[in-house]
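Okay, these came from Swiss-Prot:
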DISULFID  4-21  disulfide bond
DISULFID  8-23  disulfide bond
DISULFID  14-28  disulfide bond
């Protein structure tokens with residue numbers, strides 16, 4: 001997986017979801 005450069009440790013949500021990223025292991029990754 002490619003890291004989207006966004007953390008989701010505090011909230012289990014990625015603002016980068018709009019470009020196809022999702023939260024995995026407290027980091028946002030591109031699927």
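Heads up, residue numbers simply count up from 1 along the chain you see.
Note: Cβ is positioned from N, Cα and C throughout, glycine not excepted.
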Between the Cα atoms of residue 14 (disulfide bond) and residue 23 (disulfide bond), what distance do you get, rounded to the nearest Å?
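Just about 6 Å between their Cα atoms.
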If one looks at the chain holding residue 4 (disulfide bond), which residues at least 6 apart in sequence have a CB under 8 angstroms from its CB?
14, 16, 19, 21, 27, 28, 29, 30
Output, ordered by sequence, the same-chain residues six or more apart from residue 8 (disulfide bond) with a CB under 8 Å from its CB, or 'none'.
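Expected: 14, 23, 26, 27, 28.
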Near residue 14 (disulfide bond), how many other Cβ atoms are within 10 Å of its Cβ?
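Its Cβ shell of radius 10 Å holds 21 other Cβ atoms.
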